[in-house]
Structures are given as C-alpha cells and as structure tokens.
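Q: One structure is given below, represented as structure tokens, and several questions about it will come after.
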C-alpha cells in the first residue's frame, strides 16, 4: 500500500472494523447498516401530555419535559398556559456513555425562579424493550405521572422508550446526548442531512437579428450589440457588421440556470455611441418557464420579441412602445451534461434531461465509520477542540453526517447509498470542523479530503481503509488526522457495465455540437456558483466554503508545485519509451551478445513471416497483462504526497499558491516571482523553438529553400523508388534491420549521412527578429 519513499504517516492503512457485513447480530441479519459498526442507543420519544394540573396562581401551567439519565439531561421546549401540550421530540442516549440504571422523565412547570415539579415517570433500563428495523416503530403509551414519593398524581404523559441502533428512523432527528452542550439554537447545525444539487440546464440564446431600431443620433451608423443578462451572468455579442437599423449577428450565447427558474432572461440592444458610453435602444424580459427544451441536435423554431424602452419624464419612468423587435432562438439544452465540478473528478456524466438517462449499472454503498487523531481546529474554554462532521458528494446527492461535539476521535457510523450510472466517476469525502455551534468562528474549517474512483474498485468487495486527511497550509502539508471508510460497489448488470466502456464519456451533444474550452470553463464556474448558492440556502445550510472545497473551485489556479508534479507525471509516462530506447541501444551496441543474437533471429523470422507481427505484438501484450495480474493493486488510490510534490515544496512557491487572485503580495515579491516565471518561460520557449526548427527542416526537404539539399534528397528518392521497385520488400527490410543491428566494429562515432543532411537544412529561425 505504501509507495517507495512515501512518508508512512501519509500512507493508506487497511483496517478491520467490526462491521455487520455478512454477520448475524442477535436474531436479525444486519443488512441495512452492514458497512458500519453497530451503535446502540436508548431512545425516548416524548409525544404529548394531557390533563396537567395548574401550578400558577392563575391555575395554568407552562409545561416542559426533562429527560434525565445519569449526568445527561435533555429538555423539550416549554409551552405557555397549556395543560395538553404536544412536543413530538426524540432523545437518544449513547449506550457506551450510560452510567445509570434508571431513566427519569420529569414534567416541570416553567417558572421565573424555580421550576415546579408536575410529575415524573421512572424506567428501569433492564426492562426497556429492544427494537431493530425493519420492525415497525414502537407505539407510544400513556403513563400516569407520579410525585417524588411514588404516589400517582393528576396528569398523563405519552411516551415510547426503547433500545435501538443508528438504523432507527428516529436517529437523524433525535437530540443526542453527545451533543448535550449544544444549545437549542445550534441543534439544527449538527444533525445529519441529505442534500440534492439543483437540476442544471444550459440555456442557448441564438441572437439572429433586430429590426427597426431607433437610435438617438440619426446622423451616424449605429454600432449595435446585444447584452444578455441572466442572474449574475452577463454576456455580449460582437458589434454587428451590418451598420444599419436592421443589424444581424447570428451568434450563440450560453448560460447556466437551475430549476426552479427564478429569474428571467433580460436582453438589451445597445448602441456604442462613444468609447465608454452605450445607449440602450430597447430591451425585453423572457421568463424561462416559457422556453422550449431541446433533447437532441434538431433545430427549433425562432421567435420575434418586441423591444421596450423606458425614459424619465418629470422624474417618473415611463415606457415607450415602438415597433423595434429582435429575432431570437432560445431553448434549454437537455442533451448536455452541465459540468459543475472539476473534469478530472467528475461524479456524474449524465445529460440534464432525465429521458436520456440510461439504466443504472450498480450501487455504491459507503460506511463513514470514524476518524481518529484529529488536530485541534479551534479553542474553547482555553483548550483545543474539534467538532467534526463529514460530507460526501457523488452525483447530485450530497450527504452530511451529524457533528460529533468536542472529540478528536469521532464515531459517526452512518451508511449511505448512491446509484451508479458510470464507473468512470469519483466520490469525494470531506471532513470539516463545525464553526456554527457555540464557541465556533462562524466558518467551517477544512480538516481534509479523500477521493475514490469507482473504476478502481472490484465489484462486490468491501474495502475498509483508514485514509490520511491532508491539508495544505502556508507552512506546508499537514496531516490533520485519519478517516475510516468502508466502501462497496455492487454491480447490477455485468453486460451493461462492460458495454459502458464502449460508449462516449459525455452525452452525444458534447460531440455533435461541442462547446469550446473557454465556454466550458466559464460555464463550469457559473454552475459552481449556482450550486453553492442553492445549497447555502438549505436548512441547515451547506456552506459556500464547503461546496467550493468539495468541487475543487481553485483547481485551475496557477501553482508551481502542480506544474512540477504534472511535468514529472509526463516523464513517468514517457519512462517506458525511454527504457525501450535504452534497451534497443544496448542491443545495437552488442552489450549482451546472446540477447542481440536472439533479437536477430526474431527479426529474421518476422521479416520472413510478416503475418506473425501483429499476432506476436498482441500476444506479448496479453502475456504482460496476465503477468501483472499477480501484482494488481488491491487497495483504492489515495492522496500521494510524493506524486503531488507536497513533501518538498519551496516556501515561496507555497506562498505563491496561497496568494489571492489578483495578487495581494508586495510589489517586490511579485517582481521576483515574475522574473522567476520569465526564466522558466525562457526555457520552455527554447524547447518549443527547437521543436519548431526540427519540423521546419523536415518541411524544407522539398521546398527548394536550399536547392542543393533538395536536389540531393530528390535524387535519393528517385534511386530509392527504383531500388525498392525491383527488390523484394523482405530483402530490403532484412538488409535494413541487419544494418541497424550491426556490430560496433562496423560503426563509427560520427553522425550518419542522413542526419548530417537533415541538420544542414534551413529553418525559419533565421527570419525571427
């Protein structure tokens, strides 16, 4: 699992948690939560009360319920002047932390100084029933209240008390004893939730033409363009080349929009009357609810829209109706996949229109078990603490675990399931510190992130590993802990899964009507902003900093470290070809005579029987694949600090990576970095120039730029054509191969004649300034 040279602290570790997969617990098979460790809870459901006696002078009461178990106390909200209140609240106490044998449920009357006791109910924990799904929920019962001496008093309380697990339906909305220090205002921020990304569409606006425009200055030809606005997205067409009152553009503008459509598309026709002054000639607003939808590449009908104009008359805005109009073709593109995350870590590749979706090929089940070794993320009461929760994103579904308060070893043991439509996708996990509970900073801090590509997983196998949580800081890479996950990919149809590998990665509209790289980058940025804004409006919100971190918003920003990492990745890819070249050089120089003789024999066989060449190549590749099967990866890939060049990054390069855009550093630092970038660019420029020179020399072979060199090459081609025509191909190939593999005794160290001729050819470098 650990790669050579990698720090063992940053390595992936295989674990053996006590999960319920395939095991029998009690009398029931744990199938719903079989990828997590089973956690037992005491549940208390407080439903309502009736006929509570009045304790005030007025004869009324302000009741609330207090559930006490040892040192833990949970309270419902209180009602004013209600003798028959309804709470419908659930309390969950972790069995691991229970240190008492009696559960006490107390009904009290809220008072200014001291709350009065109305009555209580006592439960022996040994007598409480057990309930595990798929059993039906336990029906609540009416219990008569008792005073401190055990005597029956007036009033009844409807309760349900049972021992259950985290698989219980009441678990997610319950008050938890491990969050007892969190006040009522913070409870909503610590519960587990499932979020759905908004459904995103591309909006294509084909601006065709306008008619009968009325400019203010009729003495000059108008320079007209169309400005389109949708939310905070603004795009402009080019200025029309037809300088008339009926300009034409026939230009496409692309936007991103999310359902439900809350904003209208606003189009304004503007005239460039001066370099920094534009005049609006008319505008129109188009609700997107009325826009037609396109699922394929078939053209749709265009429409004419009337333009309106508003002017100020005596301080009031008045609308002028005139005959100007604009010709548009507007539709929602359902055949594209709207990219809202980094293209390298996409978790969903389906088109927007659900009619075009293909059947799912499998299920992805994930158990978020625990974390350990977390670093203190904030200070509370003079000591470091962490309130950790986990977020996972795959497809349109986001999940957020509950927050474990004040723990460096949180145990979540929550299990989630996703449908899988393509294995060439990535699920992303992020761990965060909750900053929205008492003592928090108001911002959720990053603890670390884990990515798992589904295509690297074997079907129907459970992967249980502890993944390092790594975060970049201005001081360098820092390990903030480890997270323990259990992952299982279940294949529903092997035929469909294998057939998927023959299909295009993206929907067909991306290939029939492709979008430019600049368009895709801009649209992806807009889609990220829309998803971030929508999830930030949920309750509880999934904060903007969380969504941006999970979607890798800053993945396109310049980083010297990433550039080095990508360069060495290329060198690693080319290392195989370089090794083959070195091996061939050793063969040609007879470093190992036996191997060289065997290569001669193999070469002669292939020349005499050329029909064996392709079968031999594919058989060789087959044998390599079978041989490598013994050493196939048995664990998912993880964040590699050595590959990322994160373990030896220069402090200034790291500071540059954390710089804002535009820069916020001093002019001296920016000048130094600019000079460094110029130096690197100069070396890149030299390499590119050398490549261009070699290509231009090749083109000049027949260009007669050097008449003597071209004459020699033309004569050589004529002689070669005659020789190859009269000589069997096998003889030519055999002689050429033996010449290349000749013994060093028949070689000399000077360059060959063809190479000498090639290096003497002219290039366009002489024409550069």
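For all residues, glycine too, the Cβ spot is worked out from N, Cα and C.
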Q: Under Swiss-Prot, which of the candidate ranges 541-561, 562-582, 583-603, 604-624 is annotated transmembrane segment?
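A: Result: 604-624 is the stretch Swiss-Prot calls transmembrane segment.
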Q: Which stretch does Swiss-Prot mark as transmembrane segment, out of 712-732, 733-753?
A: 712-732
Q: Counting other CB atoms within 10 A of each CB, which of the binding-site residues 109, 111 comes out lowest?
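A: Counting other Cβ atoms within 10 Å of each of the binding-site residues 109, 111, the minimum falls on 111.
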Q: Within 10 Å of the Cβ of residue 62 (Ca(2+) 1 binding site), how many other Cβ atoms can you find? Include all protein chains, please.
A: 19
Q: With DSSP assignments reduced to helix, strand and coil, which class does residue 109 (Ca(2+) 1 binding site) get?
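A: The residue in question, residue 109 (Ca(2+) 1 binding site), is strand (DSSP, three-state).
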Q: Which three-state DSSP class does residue 62 (Ca(2+) 1 binding site) fall into?
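A: Where residue 62 (Ca(2+) 1 binding site) sits, the three-state DSSP reduction gives coil.
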Q: Summarise the domain 'C2 3' (345-467) by DSSP state, stating how many residues are helix, strand and coil.
A: 7 helix, 63 strand, 53 coil
